[in-house]
Every structure is written in structure tokens, then in C-alpha cells.
């Protein structure tokens, strides 16, 4: 109560130069970073206006009011570009396969690891499982191209059991999405499982004891206690990942893709980069980014609404 | 009697055995690709072309690594990676700690405003092209070392992590120092920082890993300041001049028998080793930190 009182008194602080002088060290220690924040995080937001303007390197130097306004022309051009729809299709394909498989594997991983009773073994397994998360995509791509390559270890083993070499990295088709997703799962499952495992430690142990007394076996306890226990966590994470569907990894596509799979490796962010920076069509590139953010926001709200309909867990 | 029933409840079932076998397999799948690459990096280049290595190098050699440390085009990117990691981590950690302290001070007049300004940027951003135009065109940071440090100076996530840690420290310490007439800067420097060692170490390691791993900023802004990750990308995509360089080296110097593939594997290992050494220490704040990022506000 005492604390509450103090907080209220702090809120009522009035602006005065005396106070500013008293807090001058705090100001010196924070204002430079706020200036940094405004420059690097808020000024680019202003750049969104370029989505409605014709901005090329020549016109970039002009002030914002002197540039030609083109209204929604960039967006119209975007929706008439077949290449953009390829990129959109790939992004959605990869994201949805990734979300579905990713959630199944990470929840499954956490459920099973939670059942391991050898404490030390459990800890070591978990620690090793998230090593790939910390390794960069460049390294992962380098390893993947080696191991999954035509003359890599996996094809060598497959060859020994009579399965012909599979072109993992050079199959032009939706199969490439699956390969990307599986590599992503290899990289992230252990890491994604951490949050579920921590949610599991928060489940009331009494529930397990009671179920045990009632004669519920291990699987039934997993199914009826552990899984419902982490349901809110799962729902929040699913909603968040649906919001990020269109943002799907440009880095990962660039690194794992190659000329052969180009049609199925292109994603929206990479498309924006190529046209916006590669072709120097700044206005158009920004428009792609704005489009991407707008769709993401809509998806986030829809997912949130749907989740709200089916359960009590909502993000917002 | 009691004892036997307890044993019965805790005895290991076939499911436990299955779990252990299952997770041994998972661990193997996680580690094997690294071990395979490790083996290739220590194997004779020409021998690697002839057939697949599994775990143990058939013809052990250090030539691949020697080549990297002797070839300037490969060695200087390694230096660049180390430089940006060391400098970026030092500056980033100190700045984050300083700001985190100010934002932990509830009596600071702008506390709320500044905190909200930082948190908003976790959710909205200008996007790729506006960022590029600001950093590359307006501020002209292209191919400047500062592009590795300044644009990503403060991570809001780390800021919040550190602020919550500082808020958990006993208030009395600051009070007594203030009575003794210490300035806010001195309080931060002399009292808060030494107490923050664990969280400082964690944030520093996180920043270091991010710095070491980043590749997109080199790709977009600073292709002249090549890092190890970027060189690896070049070799990977066969776009760089690296490969022809390596071939030329082979022609001129018959003693060095290396192939781009083996060099790539050796670089992959060099780029991975620091991560393997460091990442287990990051565990401490993993869980708390992750839930913080997911649920906060």
C-alpha cells in the first residue's frame, strides 16, 4: 500500500526546470538513445509515404512534397504482376506448411521430453536440441547443401538401401517448400519447445496425482492434463505466427534457393528487395512492404478473432 | 509395503526405454550434420571428391584450415567478423545497460514516455526499403564499419530484460548512495553495473551471437567489409571470385591441394565453433526472456 502511494505521488510530478536539472544525469544518459531511436526507427515509418509516390534514385533527393504522387498505382501494378503472385504463393505455401509441421513437432517434442524421467539425460538432450537455433542460416545452408546434396551423406545412405538419389535441393516444385520447412524444423524445434516445456512446469502437479489415483495411464495424463495445460500458450503462439506469415524468411530462401528452384524459392520480402533496391524502384518496393504489413495485420486480427471464438485465449 | 508400492509407481516402463532411444536418435539427427561437415573439413580435399565421408576423416589433414589462415581474402573477413562482434558487443551492452537503468528509475520524468517509444518499435517498423534509404542513402553509411554497430545499437528486447533485472535489485543501495551525494551516473557506474553482471553477461552473449551470425547487413550495406558469414555465402552461391582464386592458387602452388568445397566446410566449422562454445551459457535467461518477449504488453 505504501508502494502504491509512492507511485501516485510520482505520477503527479510536474514539469519544471528545477526537476530537469535535478535529473540532468538521467537525461544525458537517455536522450542520445531516444534521438537514435527517432532517427533509426521512427523516420523510416515516414518513408511509408513513398508507397504512394514515384521515387527513383533521381527523385529521392527531392523533398517529400515535390515528388510525383501516384496514388495507388504501385499497388495496381503489383496486383497485375505474375511474378508477385508466384512470390505470394510461395510465401503462403512455405509459411503454412511451416506453421502446421512446426507446431506438431515442437509440441510433440516438448510433450515427449517432459515425460523423460532421467533428469540429466533430459537436460543434455534439451541443450543439444537448440544448438542449431543459434547457428546462422548461412551455416545451415552450407551444411544442408553438403548433407542433402546429390553426392551427400543422405543420398549415399539412400543409395545403399536402393532408393535412387533424391534431388533435395534442386527439385523445382512445391517439394522445395517442404525441404525448406524440414530444414527449418531441424533448426528450430528444440528452441520452440522451450516455451512449451516451461509452460508445462507451471501445470498443477496435483492434477497428475489425482489422475493417477483415478487410474489414468501416462498417455491419458499427457492427453488430458499436459496438453490442455499448454493450450493457451499454443494458441498465443499460433496467432503470432499467423501474423508473421507474409514475413517469411528472405534470408533462408536466398541461401537455400538456387537458379533451378527460383520459381518456388522466391518470397514476398525478396521480391520487394529485388525491385525496390535491386531495380532502384524505391516507391514500388515500399508499396510491396506496405502491402505485406497490411495483410499481416489483417491476418493477425482474423486469427485472433477465430481463436477467441473457440477458446478463452486471445492475444489482444 | 509402502516401499514396494512406491517402487511400483516409479519403475521404468517400456515407454521410458522408448523415450530414451527416441531422444538419442533425435540428438544424433541434430548433431550428425555438424559432425559430417567437421569430418569433411579435416579430410584431404581430393579424397573428399572421391567419396562420402561419414564421421571420421579418411585422410586426415589440416591443409584446409591452413589455407584459410594463409589466404588474405579469407583471413581478413575472419578479422572483420571478430572486430564487429567484439566492438558491437561492448558498445551495445554498455548502451543497453545505461538506458535500462534510466528506464528503471520510476522517478525519472520521461520514464513512461521513453519506455513506450521504445516498446512501440517492437511492433511497427519502416520495413526493408525505407530502412535501406535511410541508412544507405540519407546517412551514407554504406561500406562504413559503423553500419554494423549503430543501426542495431539497442535491442528493445534486451532493454526490457535488463530493466526488469535492475528493478529487482534492492532499492536501499541506491538510496544510501544518493544520501552520500553520488550522482545518478555514479550510482549506475559504481553500484548498478557491478550488480548486473549476470544479466550483462547474458545480453552480451546474445548480442555477440547476433553480431557473429549476421549476414544480411553485409549483403545490403557493406559488401566491401566482408565478414566470414558473407564469404561463406559467396562461396555457397558460386558468385564470388573466391573459387577462381582457390583454383589459381592450386595451379601456382602444387603443395596446397584444396577445393572450394573443403574450404567451405572448414569455414563453416570456424563460423560454428564460437557459437557451440558460447550458447550453453545463454540458458540462464532463456525461458524468462522468451516469455517476456512473447507476452509482454
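Cβ atoms here come from the backbone N, Cα and C positions, even for glycine.
Annotation source TrEMBL lists domain 'ABC transmembrane type-1' at B:78-282. Taken from TrEMBL, the feature transmembrane segment applies to B:12-35, B:82-101, B:113-133, B:145-166, B:187-209, B:263-282.
Distant neighbours of the transmembrane segment (B:113-133): 102-103, 151, 154, 156-157, 159-160, 220-221, 297; these residues of the same chain sit at least 6 beyond its ends, with a Cβ under 8 Å from one of its Cβ atoms. Same-chain residues lying 6+ beyond the ends of the transmembrane segment (B:187-209) with a Cβ under 8 Å from its Cβ atoms: 85, 88-89, 92-93, 96-98, 101, 155, 158, 161-162, 165-166, 169, 173-174, 177-178, 275, 278-279, 281-282, 284-285, 289.
When Cβ-Cβ distances below 8 Å are used as the criterion, the transmembrane segment (B:145-166) is approached by residues 83-84, 87-88, 91-92, 95-97, 99-101, 103-104, 118-119, 121-122, 131, 135, 192, 196, 198-200, 202-203, 206-207, 210-211, 214, 217, 221-222, 225, 285, 289, 292-293, 296 of the same chain, each at least six residues removed from its ends.
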